[in-house]
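TrEMBL annotations:
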SIGNAL    A:1-24  signal peptide
DOMAIN    A:47-200  domain 'Cytochrome c'
BINDING   A:60, A:63, A:64, A:184  heme c binding site
């Protein structure tokens, strides 16, 4: 029974892989990229996360929110508490009511979550010609292909749509966007930001860094998760080996 | 029930007042006789029970931080993931635990199908198992709605709309389920209440399931009854240790997903907050519903599809009569054995079709696979039982074991090679 | 779990080896189960966002002498009282050795005119009266807890009644002359 079961299970797994890749990005296969956080011992490169944050802060944040992340979380990517305070204080949040019963604006604090560029979705649509720039907090988890998709989307703009493709007004052609007609204009160009650490800001570098930062934003627990996982697995290996040895001893004299 | 063999005065004192120790000993301990030839396929029942406990535990801790309100549900789950201490671990255990529960239970069911565990005298045991499966499906479905992502919302919409297929009363039923005119806050609230309640109902049915099991005793790879003390061994320590070893292996499989591929079995769209105005391009249920989803879509008629989907589960309740074979175990059924595996392939194909968009060639394949699903149970199973000539059954479990030592051929389906080594 | 496995046959040597394995495995299993419980217990401790909100800034300038305000810190009331010279004198002249929970007034305040204390009775957690002008201040001019009759003095120290301890003083700092941050 075992052999046939394994065959059936393998077939099921194979089919499921086919099923997932066929769905990816509306039929467009996203090329596989390699990232530091992949694999058994995956980790984040803090310098890269800080560069990515710089790109987000200077460019993406003009249209895209990051409302699930709090400013205090930025200490995780290696920013100092004073830096975090200063970054938070750039924005204002509504607080109150004060003693007179009025709501008032105050500078954001590290304990606040990222202030979105628009007060609500309708305002965001209105300011962007009807298209809603999605909040980026979970973008790497919320798209087929995850980080690979985000990376290639950033680089996937073409100056002209291929022949026969009717590009609606105000849209841009992107190789990896489902349906190809995307409302966001191309964003990355060489030297878009001047990296504080002196890294050369090529388009690929910018795309890699912003993807890394967004992955951290989506999965801030990843490093803790993988390192705990290793410990749990080693423990289970030892325990299971001992249980197996004990099982053999206990069953040694049973004819079955 | 015989008395407890112990010299411990505290245990004796307790035993005289509440004989719980001997009760456990008789149910899962050294006084419960089990066939001595159970293979590793018999590990999955206890595994399912343990997964249920893990699900209830992790679920209760999640509920401490979850807010069942359309405006807060999504963010409260993300707060669990980001701010609650080890919240990510508890949520990923619960999320992947649901898939693990179905993996384990589906293997458990297929084991029962292969070895004829539904045949007399285990019919009630089998039906209770089906009740458990239906409760699991309802619980899993409602749990998937709680994070209030796009798939949560649209899954809830599509599945509750199934009931609108019923003539006359359909729309009323759906309005009742929703508590409104669309899936909205009242729906989320009641789903949370029911998702919390049903697992405890599940525990109750599991107890009945085990009770029925103890009445008939375990089936075994040979499918023949235990005939005497030589055929049996005490559940403890033999099967407790075997189950624990299996649990260790299973936990490694489970934890691999929790720590390294926590979203592999999920759908990215559920990380997009629910939006009642925008349906995702491609709605698929969780993988464990896919075969049934394929059956639903195989019928171009709304009511027909719904009925056929429910029939796909209900037909299993009739197996004790549909299976006309004199022997239980497929190991002694040279023809049926092959059709069993063909059916397993059919189930996998249905699952694949369920994940595919509703277009050709998937629609036709889905219809053929659906037809075969019912053909297998309603036509093949009774027919093969009549015509097939089963191989001779061993005299007893212990006789087979003695023979197996000399000539292991009939027992290759028993995963016992590692133990014999 | 498998700790009562003693249905052994076989030699005594094999048996003792098995016993060792049984105890070792049980020990490892119990330790593992214990460790696995921790994340669940710890999840009930304050979450990161709760901890991040644990400081509150208070502007003292609107509070005139003899007045008091109550602010919220970590979901609890904090009494801020602008003490009069008389109240300060009362607090300072008390013989510390007679107190149930001996503490000098100087230990309890950073600036004599400002008393800052958590307004929760150390008996069973009620909020004492005495902040608002018309409320009873108890026999010692400070606070009076209506639940079980505890009296606190103008330094928030317990003087009479069932409460065992003084009103706790939260960690706070003057960031400006008239501005404090609690926590």
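Each residue, glycine too, has its Cβ placed from N, Cα and C.
What you are looking at is a predicted structure, and each value in this text was computed from that prediction instead of being measured.
Sequence features annotated in TrEMBL and their locations in the structure.
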residue : record              : Cβ within 10 Å
A:60    : heme c binding site : 21
A:63    : heme c binding site : 19
A:64    : heme c binding site : 22
A:184   : heme c binding site : 19
Exercise. Which state, by DSSP, holds residue A:63 (heme c binding site): helix, strand or coil?
Worked result: coil
Problem set entry | Model confidence over the domain 'Cytochrome c' (A:47-200), averaged pLDDT | 93
Problem set entry | Residues flanking the heme c site, with Cβ no more than 8 Å from the Cβ centroid of A:60, A:63, A:64, A:184 and excluding those residues themselves | A:59, A:61, A:62, A:133, A:136, A:187
